[in-house]
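Summarising the annotation, Swiss-Prot assigns domain 'BPL/LPL catalytic' to 31-206. Marked as substrate binding site by Swiss-Prot: ARG70, GLY71, GLY72, GLN73, VAL74, THR75, PHE76, HIS77, SER137, LEU138, GLY139, GLY150, LEU151, ALA152. Summarising the annotation, Swiss-Prot assigns site 'Lowers pKa of active site Cys' to LYS134. Annotated active site, acyl-thioester intermediate per Swiss-Prot: CYS168, in sequence order.
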Amino acid sequence: MQNSLIIRNLGRQDYEPTLQAMHEFTDQRTPETTDEVWLVEHNPVFTQGQAGKTEHLLNTGDIPVIQSDRGGQVTFHGPGQLVAYVLIDLRRNKLGVRDLVTHIENTVINTLSQFGVESNARPDAPGVYVDNKKICSLGLRIRRGCSFHGLALNINMDLTPFLRINPCGYAGMEMTQLALLSGPSELNKVQPVLVEELTKLLAYQSIEWITESN
């Protein structure tokens, strides 16, 4: 339904089943399907985007590497990171891909601002940064005018696996997280703020929250 949004809180999930579910949702949706945002916390995994190069995998060790069809290069997902998958009909919302990327970046910037953290986007490297350290990664895929994949915001996680890769293809890219910046360390304190900021930017009028048990 237009101007309506469903928020699904999926809890902690492995990456591959969630990826498959996104594909199924996107393939089966119709022009009347309500847009959704999925909130999830993944078990440790490296994901390679469509532009991913093996030389950016430095020492993955025992953490699995999964090929993904999102844009971008390699990143890490793990507990303590808020992942939001943005499953919306761009044509119905009259959005271009660049518009959506900008909206997502501004959603994160506005969310961090609510917690007293000043951040910015960069024209040369999608995502959100605090003092040149990356706090949020972003990667999307568009199919039949609809988006899937989304953002990964570091809240309170083990950042050391990022040292095993060149994050998003940038050697030496430093990472940071909200808990290191005097922000909250609990995902459930950040999720509603992120959703509120996203719905304001995309002008949704009706929001339904669904929490799914693991």
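From the backbone N, Cα and C atoms, a Cβ is placed for every residue, glycine too.
Features recorded in Swiss-Prot, as mapped to the structure shown.
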| residue | record | Cβ contacts under 8 Å, 6 or more apart |
| --- | --- | --- |
| ARG70 | substrate binding site | THR47, GLY49, GLN50, GLY139, LEU140, ARG141, HIS149 |
| GLY72 | substrate binding site | GLY49, GLN50, ALA51, GLY52, PRO126, SER137, LEU138, GLY139, CYS168, GLY169 |
| VAL74 | substrate binding site | PHE46, THR47, GLN48, GLY49, GLY52, HIS56, LEU57, VAL65, ILE165, ASN166, PRO167, CYS168, GLY169 |
| PHE76 | substrate binding site | PRO44, VAL45, PHE46, THR47, ILE63, PRO161, PHE162, ARG164, ILE165, PRO167 |
| LYS134 | site 'Lowers pKa of active site Cys' | GLY127, VAL128, PRO167, CYS168, MET173, GLU174, MET175, THR176 |
| LEU151 | substrate binding site | VAL83, ALA84, VAL86, ILE104, THR107, VAL108, CYS136, SER137, LEU138 |
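DSSP assigns LYS134 (site 'Lowers pKa of active site Cys') to a strand in the three-state reduction. Working note on the recorded positions SER137, GLY139, CYS168: by count of other C-beta atoms within 10 Å of each C-beta, SER137 ranks first. A coil conformation is recorded for VAL74 (substrate binding site) in the three-state DSSP classification, outside any helix or strand. Secondary structure from DSSP puts GLY139 (substrate binding site) in a beta strand. Along the domain 'BPL/LPL catalytic' (31-206), the predicted structure has mean pLDDT 94. Overall, the recorded substrate-binding residues ARG70, GLY71, GLY72, GLN73, VAL74, THR75, PHE76, HIS77, SER137, LEU138, GLY139, GLY150, LEU151, ALA152 cover a maximum inter-Cα distance of 15 Å.
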